[in-house]
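K.L.:
Copied straight from TrEMBL:
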DOMAIN    48-263  domain 'Radical SAM core'
BINDING   CYS62, CYS66, CYS69  [4Fe-4S] cluster binding site
BINDING   SER137  (3R)-3-methyl-D-ornithine binding site
BINDING   GLU162, ARG181  S-adenosyl-L-methionine binding site
Amino acid sequence: MKRLIDKLYDSNNLSSDELLLLLNNMDEESKKYLHMKANETRLHIYNDKVYMRGLIEFTNYCKNNCRYCGIRRDNKDASRYRLSKEEILDCCKEGYRLGYRTYVLQGGEDAYYTDDKIVDIVSSIKASFEDVAVTLSIGEKSYESYKKYFDAGADRYLLRHETNSRELYDSLHPDMSYDNRIKCLHDLKDIGYQIGAGFMIGLPNQTNEDFVQDLTFLKKLQPHMVGIGPFIPQSDTPLADEKAGTVEKTCILLSLIRLLLPEVLLPATTALGSINNKGREQGLKAGANVVMPNLSPTSVRDKYALYDGKICTGDEAAQCRNCIENRIKMAGYEVDMSRGDHISLQNK
Ligand code: SAM
Ligand code: FES
């Protein structure tokens, strides 16, 4: 397997058959070597910096019904909340005080936030704080809506494709269209956003063949960011009794993505930290270079319950900031509080 990993490291590419061979034969030695090469690549491009994003989970209302997700429409046990524009700006203010220069506004697909409301929120953040980036993660919208948010100042957009296997996608997303999800990613890129795609690891019936499809899709799409994390069951969903994804598999995929897309911004996600106390640190060592600590008010934190056992739900933003900084340092990296744009857009 070392030969294939070297080929991937040198050329940043492998055929689908080669990727599958690698995934099917990942012994301990190959894994170590893969993580080492991914870390080397990340150090070469982004040094030892880890970019920090302040995450604001501003609504847990959602019109969709994804079978894995705790805030799905049919979950009558979810305690729903929405943050006002003022509350969102307060989160940004606290974030700014703590040094954050990127705010990620994430939420369910909630029609309460009309285009005008999102435009107002985005433009108010951009007007209130100097040199900050705003990332939106609010699901599938029309080209026109995406354009309005962009014109209001939104810089980046996260929309995980969730899985590139159409069959698996359809089985998990009642009333949603795989084609539309992919179209949204292309629309966002055309408009000029820094875009983030991504997928879950360990979904029921997901195979290495599916991961190869995810990887080749990402290679073709060339997103600026890729968010991947383990699937974790949530007790009030149809997938409550399924097994969670693993740190091991997630780290293998993080390393493969780092080598296929060397310049990509790659978070070590909260989900990874939730299945293992040292999950995020392991993710960083496997090639990740972003973390997204929570800036949401503690009063609503535990209500954004996408999955069971989510970490950091009781901690104030300042505690999260300190905790993650220590973890990053202990893992051998340095916190970087700048906007942390994709390398191709830095110093422009
Ligand atoms: N509504 C927006 C969207 O669809 O992109 C953003 C919010 S959505 C809740 C954010 C991400 O959470 C999803 O893209 C999905 O990958 C992840 N997620 C949802 N349920 C999960 C679970 N049970 N385990 C792990 N990740 C989950
Ligand atoms: Fe809201 Fe999936 S349940 S987007």
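Using the three backbone atoms N, Cα and C, a Cβ is placed for every residue, glycine included.
Remember, TrEMBL labels are computer predictions, not curated facts.
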K.L.:
Determine which residues of the same chain, besides CYS62, CYS66, CYS69, have their CB within 8 A of the center of the CB atoms at the recorded [4Fe-4S] cluster site, and list them by sequence.
P.N.:
ASN64, ASN65, TYR68, GLY70, ILE71, ARG72, ARG73, GLY108, LEU306
K.L.:
For the binding-site residues CYS66, CYS69, GLU162, ARG181, which sit with their CB under 6 angstroms from an atom of ligand 2?
P.N.:
CYS66, CYS69
K.L.:
Write down the Cα-Cα distance for CYS69 ([4Fe-4S] cluster binding site) and GLU162 (S-adenosyl-L-methionine binding site), rounded and given in Å.
P.N.:
12
K.L.:
List the same-chain residues at least 6 positions away in sequence whose Cβ sits under 8 Å from the Cβ of SER137 ((3R)-3-methyl-D-ornithine binding site), in sequence order, or say none.
P.N.:
VAL104, LEU105, GLN106, GLY107, TYR157, LEU158, LEU159, GLY196
K.L.:
Compute the C-alpha separation of CYS66 ([4Fe-4S] cluster binding site) from ARG181 (S-adenosyl-L-methionine binding site), stating it in Å without decimals.
P.N.:
13
K.L.:
If you count Cβ atoms within 10 Å of the Cβ of CYS62 ([4Fe-4S] cluster binding site), leaving out that atom itself, what do you get?
P.N.:
20
K.L.:
Ten-angstrom check, please: count other Cβ atoms within 10 Å of the Cβ of CYS69 ([4Fe-4S] cluster binding site), all chains counted.
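P.N.:
Summing over all protein chains shown, CYS69 ([4Fe-4S] cluster binding site) has 21 other Cβ atoms within 10 Å.
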K.L.:
Give the distance between the Cα atoms of CYS69 ([4Fe-4S] cluster binding site) and ARG181 (S-adenosyl-L-methionine binding site), rounded to the nearest whole Å.
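P.N.:
The separation of the Cα atoms works out to 17 Å.
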K.L.:
Would you mind pulling the DSSP three-state label for CYS62 ([4Fe-4S] cluster binding site)?
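P.N.:
Coil, per DSSP.
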K.L.:
Using DSSP, would you call ARG181 (S-adenosyl-L-methionine binding site) helix, strand or coil?
P.N.:
helix
K.L.:
Going by DSSP, give the three-state secondary structure for CYS69 ([4Fe-4S] cluster binding site).
P.N.:
coil
K.L.:
Around CYS66 ([4Fe-4S] cluster binding site), how many other CB atoms lie within 10 A of its CB?
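P.N.:
Result for CYS66 ([4Fe-4S] cluster binding site): 21 other Cβ atoms within 10 Å.
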